[in-house]
Amino acid sequence: MYETVMSHFPRQEMPNNSPKLLDLLDDTVPGIGTYEDFNTIDWVREKSKDRDRHREITNKSKQSTVALLFSISDAFSGWLLMLLIGLMSGALAGGIDIAAHWMTDLKEGVCLNGFWFNHEHCCWASNETTFQERDKCPQWKSWAELMVGVSEGPGLYVVNYFMYMCWALLFAFLAVILVRAFAPYACGSGIPEIKTILSGFIIRGYLGKWTLIIKTITLVLAVSSGLSLGKEGPLVHVACCCANVLCHFFTKYRRNEAKRREVLSAASAVGVSVAFGAPIGGVLFSLEEVSYYFPLKTLWRSFFAALVAAFTLRSINPFGNSRLVLFYVEFHTPWHLLELIPFVLLGIFGGLWGAFFIRANIAWCRLRKNTCLGHYPVLEVVVVTLLTAFLAFPIEYTRMSSSELISELFNDCGLLDSSKLCCYTSNSGSASGSVNATAANGLGARLVGPDLYTAMWQLALALLLKMIFTVVTFGMKVPSGLFIPSMAVGAIAGRLLGVCMEQLAIRHHEGDIFRGWCSPGADCITPGLYAMVGAAACLGGVTRMTVSLVVIMFELTGGLEYIVPLMAAAMTSKWVADALGRESIYEAHIRLNGYPFLEAKEEFRHKTLATDVMQPRRGDPLLSVLTESRMTVEEVERLIADTTYSGFPVVISQQSPRLVGFVLRRDLVISLGEKNARRNQEGVVSMSPILFTECDPPMSPSAPPAVKLRSILDLSPFTVTVHTPMEIVVDIFRKLGLRQCLVIQNGRLLGIITKKDILKHMAQMANRDPDSILFN
């Protein structure tokens, strides 16, 4: 597959008075082997470094007890790091849940017993709360009651409306200001960038401590503002920030970028685990959606870290219901085989919604990026928040938080429910606040009542508003997740369809289709199940998740018998969305931002060769190379100054361009810097020769001392021939995580192919602008 040619000079005795060679192998030079910002790591070199380190520790452990203990602690350090990540992420997620719940209720009123109580906790402690009006208690006062002393009438509505908008604007403004001032990387979901980082790209500061602090604070503010966004995607970013910060306390992970990415893969699983209370689903999400390199060892550690995080969150109990999420539900009515038809219809709707959302959101983000709209991010956030709050307050289902809305829609109506969605009527026309209260009246007790008709119209309007505002909100300069808004859209559509199916079954229960579905005193159909299936379908259409999505929804509901409807909806959603566009929302944002990411799911079907892609092309300047023994410090420094390449091939000579190896630009700059080569030995001047040879060539006694850089030379760079098909080259880059690949013919260096060249070529083959892949 590849070939490396090295030059071997005959060993000669050096005169006693000859200058000493400066060999950078003697002492490790700080900075060698590290990477600059916005560069790709060398996976092969990083894994090789880790194997060498592990081999050295194993050999030393046989020599002394201290070395053996160090070896044991080194092996245990990975599990200790997973434990710390789980504890830290779970604690932060619990704090975010509690704060967001309290601040969301703060927009509507305050608790007199203690301002730190949210609405639900405030009324729990009240002895005057009735079952029928358990959301109302004397201790909880709306802003109108506090400010103007009115408890009913139009004045109450107007003041509460005004205060709701003021609090929403304040929260959103604080969020965008904090992001702009302290951590610009804290905006957005974070999952597209994490996918890119896990593929080997370096974005310094994206997972830093300031990003962690600001993202945690602004995530609470953004969710509380009432914008159409969720906290679940950003929680993955928060967990990865925790992992990156903690990695700095462990030498093994601090000094090796590939090992650190194994930890970040596990942290992605932790983020989903605390977001949905789904440890297994989190591990599968990391494996299916975000991870680039996921060995078996990482699978075990991801499972352990997700378990610790879920246990920590359960110990905090942020919602006071012994559950990890606000919308945990349990259904008891079995589903019927023919219900697969509406479930598939929900899958089709989810696929259509996913394709529409991706195209609309990318078009809006591109408009923001290429026009003056992008120059005023604070104004954009304020205007969108103002419109969202203005239109959301009049409708009950848009005024509440998205998590509460999903909980309401998933709800299986029972005796204890006073929701409008459970307000059915009997044949005689008497309304019922709950289902089972009038079950004795027979099947007519499940007919739609006036309140439920009102709720259906409000849900239809809420669906339209949610779709519009989610398109506009995702991508603004505040932390914004996509899971919950997408699930809310699907849950609304599913609940509407579920109620329609329920009424069809009741009104035609003697027909051939619905015979046997209904029986007195029991539910014919569970509308909440349709909401859950619709939520899974819409989330799958946007993210293209399948296996992990079904497992997450299963862990949310705890019902094994509903896996088949979820699988049917998820697969249908993916097929429909893929037919209209192959990219998920995360891949679309990766391409929009120009990140150098090679998507493993995208097949390369074109019959081109390496010679069609390699640089230099015909008519271009010759490839910049170094020779192994005939260049001086001045010539190398001039070459570095005149070019911007990340590395240089090393050949025997310009006349005989047979490949010796490859050296990185950063390693060259550090090795030849004033603090290294010229500091370690006096006499190194601009005319000092640079040697990449293994043997010491004969030198004149009067010649300046040579600088030997063989230690930074990669002697086994990956190479292909000019006739190698590009589909093989693309597979090599994907599976080995290469930065570059050298093109040779009969051992002679002809060109180089970089990751950027491949991305440009793939864009060109797809009839896209090749320059669109450039990182901005």
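Cβ from N, Cα, C; glycine included.
Source: prediction; values computed, not measured.
According to TrEMBL:
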type: TRANSMEM; residues: 65-87; note: transmembrane segment
type: TRANSMEM; residues: 161-186; note: transmembrane segment
type: TRANSMEM; residues: 207-229; note: transmembrane segment
type: TRANSMEM; residues: 235-251; note: transmembrane segment
type: TRANSMEM; residues: 263-287; note: transmembrane segment
type: TRANSMEM; residues: 337-358; note: transmembrane segment
type: TRANSMEM; residues: 378-397; note: transmembrane segment
type: TRANSMEM; residues: 455-476; note: transmembrane segment
type: TRANSMEM; residues: 482-500; note: transmembrane segment
type: DOMAIN; residues: 614-678; note: domain 'CBS'
type: DOMAIN; residues: 712-770; note: domain 'CBS'
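In this chain, the transmembrane segment (378-397) lies close to the transmembrane segment (161-186): three or more C-beta pairs between them fall below 8 angstroms, excluding pairs fewer than 6 positions apart. For the transmembrane segment (337-358), the partner stretch with the highest count of Cβ pairs under 8 angstroms, out of 65-87, 207-229, 263-287, 455-476, is 455-476. Most Cβ pairs under 8 Å with the transmembrane segment (161-186) belong to 207-229, among the candidate stretches 65-87, 207-229, 263-287.
The average per-residue pLDDT of the prediction over the domain 'CBS' (712-770) is 88, rounded to a whole number. Beyond the transmembrane segment (207-229), the same-chain residues lying 6 or more positions past its ends with a Cβ under 8 Å from any Cβ of the stretch are 92, 95-96, 99-100, 103-104, 106-107, 164, 167-169, 171-172, 174-176, 178-179, 182-183, 185-186, 190, 197, 235, 237-238, 240-245, 264, 384-385, 388-389, 392, 399, 401-402, 466, 469-470, 473-474, 478-482, 484-485. Summarised by DSSP class, the composition of the domain 'CBS' (614-678) is 19 helix, 17 strand, 29 coil. Break the domain 'CBS' (712-770) down by DSSP state and the numbers are 24 helix, 18 strand, 17 coil.
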